[in-house]
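Peer 1: This is the feature table in Swiss-Prot:
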type: TRANSMEM; residues: 12-32; note: transmembrane segment
type: TRANSMEM; residues: 44-64; note: transmembrane segment
type: TRANSMEM; residues: 72-92; note: transmembrane segment
type: TRANSMEM; residues: 187-207; note: transmembrane segment
type: TRANSMEM; residues: 256-278; note: transmembrane segment
type: TRANSMEM; residues: 283-300; note: transmembrane segment
type: TRANSMEM; residues: 315-335; note: transmembrane segment
Amino acid sequence: MLQGYSSVSQALLGTFFTWAMTAAGAALVFIFSSGQRRILDGSLGFAAGVMLAASYWSLLAPAVEMATSSGGFGAFAFFPVAVGFTLGAAFVYLADLLMPHLGAGEDPQTALALNLDPALVKKSDLKDPASLLFPERELSIRIDKRENGEVYQRKKLAATDFPEGAAPSGPVHGNSGQPGVSSWRRIALLILAITIHNIPEGLAVGVGFGAVEKTASATFESARNLAIGIGIQNFPEGLAVSLPLRGAGFSTWKAFWYGQLSGMVEPLAGVFGAFAVVLAEPVLPYALAFAAGAMVYVVMDDIIPEAQISGNGKLASWASILGFVVMMSLDVGLG
């Protein structure tokens, strides 16, 4: 994120920074235990606040200004922003719906739904850690989407409760506590799911740098602050992946590897976003709003619910307020 370079180069630098922050967050698995849920929930709340503020000041505000200054929409300058915002949210929603068809089970809640309670995990389950990532039964209070992917329902089932007439399906055991072949497929699906949810963040950084100097509010400082903000919120996201994996029985190094892996897609999405807006400037309002809509949907659909389900809701809420204020200050004060 150095001035004087092309938009694509800036996007690449910015998204490498956000990936590095994801890896740094995942590295905390070497320090914290899987039982320290308050730290994770507070961090997720902070990340939610940062993303919401970044979505407005770094993406939606420039999009509205571009649509207005173009003069082609008149009183309907809100239209491209509204369309782009809705399409961004729809992209993540449809990605969620696609996951069950790839074999990820019935639950499309994939981004941060790794809420494992170590006190409820049996030793026998640790023979196949990956089977805990997509359990057939609930081991703790967590978010459960209905089949249409729209309605949340909190529920707490005993580890021995199963649907009427259904028998528990046995896990596929590997050797020495390592996941079996089908379990590795589940891990791959998990990483794919989290990666899909990281695309909007990388896209937002790329679009932000691609839009520099297109309007008064689309400045290098604004794009830089957006990258910093997304990097800040990526920090707890890395921990949100690695910590539950460690609690599920994976080695510390494997938990770290899978945690940082989720951020690898951001440089690719960032470069794509920068190229897109440089080559097709008229789509800028749509692109900025698309990135904002996708980010807001991830916050509302994944991060906030996940931070609320372990009894630390107030902490997460105040942390989100703090995150919003910090990101707002970065954009307004340093923009």
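Each Cβ is built from the backbone N, Cα and C atoms, and glycine gets one as well.
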Peer 1: Under an 8 Å Cβ to Cβ limit, what residues of the same chain, 6 or more beyond the ends of the transmembrane segment (315-335), are close to it?
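Peer 2: Same-chain contacts beyond the flanks: 38, 41-54, 57-58, 219, 221-222, 225-226, 228-229, 232-233, 304, 307-308.
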Peer 1: Looking only at the recorded stretches 12-32, 72-92, 283-300, which one has the largest tally of CB-CB distances under 8 Å to the transmembrane segment (44-64)?
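Peer 2: Going through each listed stretch, the top one turns out to be 283-300.
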Peer 1: With Cβ-Cβ distances below 8 Å as the criterion, list the same-chain residues six or more beyond the ends of the transmembrane segment (12-32) that contact it, or say none.
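Peer 2: Distant contacts of the transmembrane segment (12-32): 1-2, 5, 39, 43, 198, 201-202, 205-206, 208-209, 223-224, 226-228, 230-232, 234-243, 245-246, 252, 255-256, 258-260, 262-264, 266-267, 269-271.
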